[in-house]
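Notes to accompany the following structure.
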Amino acid sequence: MPELPEVETVRRGLEPAMAGRLIAEARVNRADLRWPFPPRMAERLTGQRVLRLRRRSKYILADLSGGQSLLIHLGMSGRMLVSGAQLGEFFHDHPAPSRHDHVVLEMEGGARITFNDARRFGAMDLVATEAAEAHPLLAVLGPEPLGNAFDGAYLAARLEGRRTPIKAALLDQRIVAGLGNIYVCEVLFRAGLAPGRLAGSLSRAESEGLVPLIREVLLEAIEAGGSSLRDYRQADGELGYFQHTFRVYGREGLPCVTPGCSGTVGRIVQSGRSSFHCPLCQR
């Protein structure tokens, strides 16, 4: 599933084609994805101007001129793709099979925005902009890891006394929004913390030290366009390339990259997810 860097990369890719532009025509090609689409969604989107595109955790919100926001979740395989007749500045050829094009937005200026989702685990909804944060998918989320509310004091307080593994704590969207399996593995490796270590056992310094590392990993991944392991593509159909710089994720059996370490990357399963770690570096 796309994590924060992938969703932020998609948002940035959509912005030139959508922000400030009118939705000249919307088409909805099926009744549902993961959940049913809102009633008359195509009719309600047509004629609306996109005021801005923003991201909350792993969700994209397009704020519209009529006072509603289009809430978008990519799910496991969803793609928001920019294409159009005017190839050039930000319009591209459509890189995915059209049979999975479930929602199409024809934008003022000639761009076409397509929500393509082969596995149909994605979702779209229309919500009142002023009440968007109260939407059931958003209301439970913790602070953004790249925002000012997420700092060392906050994280130390949330981890104190917790008897869950530190990896599970960082994946808990109520504690911090947008982190997923890939980036938590990478963060814990850089921090030298074993994924199975209890969150409450971390010293205050260790807890506070996670915050700059989380930001570091996320910003590096955004700069690289995210990680393409299976379905994820940027808005122009291109692959992300942060996967080429993984230090631990997916490297089971390979030597640890830490200079002077003789360890080999191992893999354990936690709550059904693979955790990659160096048993020598991470304690």
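All positions are counted from 1 along the displayed chain.
Cβ coordinates are placed from backbone N, Cα and C, and glycine is handled just like the others.
The DSSP secondary structure for PRO2 (active site, schiff-base intermediate with DNA) is coil. What Swiss-Prot lists as active site, schiff-base intermediate with DNA is PRO2, and the listing cites sequence analysis.
According to Swiss-Prot, the active site, proton donor annotation covers GLU3 (among others), on the basis of sequence analysis. Counting Cβ atoms from all protein chains shown, GLU3 (active site, proton donor) has 21 others lying within 10 Å of its own Cβ.
According to DSSP, LYS58 (active site, proton donor) is assigned to coil rather than to any helix or strand. Annotation source Swiss-Prot lists active site, proton donor at LYS58 (among others), citing sequence analysis.
The DNA binding site annotation in Swiss-Prot covers HIS100, ARG119, ARG162. The Cβ of HIS100 (DNA binding site) lies under 8 Å from the Cβ of ASN116, ASP117, ALA118, each of which sits 6+ residues away along the same chain.
Sequence-distant contacts of the zinc finger (247-283), counting only residues of its own chain at least 6 positions beyond either end whose CB sits under 8 Å from a CB of the stretch, comprise 165, 167-168, 171, 181-182, 185-186, 188-197, 229. Here Swiss-Prot flags 247-283 as zinc finger, drawing on sequence analysis.
As annotated by Swiss-Prot, active site, proton donor applies to ARG273 (among others), with the evidence given as sequence analysis. Note: ARG273 (active site, proton donor) has non-local neighbours LEU171, ASN181, i.e. same-chain residues 6+ apart with C-beta under 8 A of its own C-beta.
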Original post:
Rounded to an integer, what is the Cα-Cα distance in Å between PRO2 (active site, schiff-base intermediate with DNA) and ARG162 (DNA binding site)?
Top reply: 27
**OP:** Based on Cβ atoms within 10 Å, give me the single least packed residue among the recorded positions LYS58, ARG119, ARG162.
**Re:** ARG119
Original post:
Which three-state DSSP class does ARG119 (DNA binding site) fall into?
Top reply: coil
**OP:** Tally every other Cβ atom lying within 10 Å of the Cβ atom of PRO2 (active site, schiff-base intermediate with DNA).
**Re:** 26
**OP:** Run through the zinc finger (247-283) and tell me, per DSSP, how many residues are helix, strand and coil.
**Re:** 0 helix, 12 strand, 25 coil
**OP:** Tell me, roughly as an integer, the mean pLDDT over the zinc finger (247-283).
**Re:** 96
